[in-house]
Amino acid sequence: WNKLYFAHHWPVTVCKMDANDCHDPPKYWTIHGLWPDRAEDCNRTWHFNVTEIKDLISDMRHYWPDVLHSSQNRTQFWKHEWDKHGTCAATLEVLNSQKKYFGKALELYKHVDLNGHLLKAGIKPSSSYYKMTAIKEALRQFYGVTPKVQCLPPEEGEEAQTIGQIEICFTKELQLVNCMELEGESNPMQAHFKLGTSELSVCNDTLPTYYPSELQ
């Protein structure tokens, strides 16, 4: 693999995608995962062990919660992220244990400060719509690179898409890098994130964009 996608998702949108036991989703961007491109389930024998990250648990619950399942003691989401992506990322020395993988993701989350940057740009959850180009431009200005922004397409009778995920990319040296090098370059593995019947896909630059503050 060549780069890491560091995905943040917007809990309110995630809950909207999948009606289940989502209660009171956080009103800040949380971590979805740290994903090497083009790699999945790299080492099936390297099992997730929650005791290895016990020092990180309180931060994990806050910044990397299982949005879809509100109960505190669930570790399924982290296990899934480790099995599918962490065991692949572990070819890098800085990510070659559970503690390092989850710890580094938490560090990147604070470093990237997506919540703080969006607020600074005046982009906050609202009932009015944003222009996708304005959101992308603000992100480009902060990071100097182009992130990947994913939305829920408009439902029947709606005109607006709903922002759901922002991915910021890093090289193997953990330097910021454009998520998409070329227009139209597709990454087969991360093309879609599906939940229930809805799925996120790359946002449409021309559609009005909804950044919901609460579940409708």
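Placement of Cβ uses the backbone N, Cα and C atoms for every residue, glycine included.
Residues or ranges marked as active site by TrEMBL: H32, E81, H85.
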Next on the checklist: Which one is it: of the active-site residues H32, H85, which Cβ has the fewest other Cβ atoms within 10 Å in this structure?
Outcome noted: H32
Checklist outcome for this item: Between the C-alpha atoms of H32 (active site) and H85 (active site), the distance in angstrom, to the nearest integer, is 11
Checklist outcome for this item: Going by C-beta under 8 A and a gap of 6 or more residues, the same-chain neighbours of E81 (active site) are G33, L34
